[in-house]
Amino acid sequence: MDLTTPAARAFALTTPIGSGGTGAPEAAPAAGTGDEARAKVEAAAQKFEAFFITEVLRQMRRTTREMSGEDSVFHNRINQDMLDMADGQMADSLSGQRAFGIADAILRQLLPAEGAGAVDTERGRWPRAEAPDTPPR
């Protein structure tokens, strides 16, 4: 049974056995067309940024709880589940806006340049496809 996700298979590193080369890992070709592969890479980069932001917020809450006094509202763990869900939603929202720039850094490393105008010079990052009803930033 294969437990890897399609994204993991698309970005899996393989080392051909008996290739006669240096044995250095080579990137596996991405499945689908260039637009599909780009969309998958963008989605994975955004999910990673959301995961990273969630962990930062979780550590912030833990540190605040540890530093707070016994009578502080932050010391009580009763609302921890709700705060975790709120932090997750906040992280998803921030990653959708690419607020931290982590997804952009990942995209710069993973996606090949599409000519001289590949990087949006006004924003200093890769352009992304936005929904038609999304207001410009």
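A Cβ is built for glycine as well, from the same backbone N, Cα and C atoms used for every other residue.
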**Asked** Which is it, of 14-35, 80-101, that TrEMBL names as region 'Disordered'?
**Response** 14-35
**Fill in**
Checked against DSSP, the composition of the domain 'Flagellar protein FlgJ N-terminal' (59-109) is 34 helix, 0 strand, 17 coil
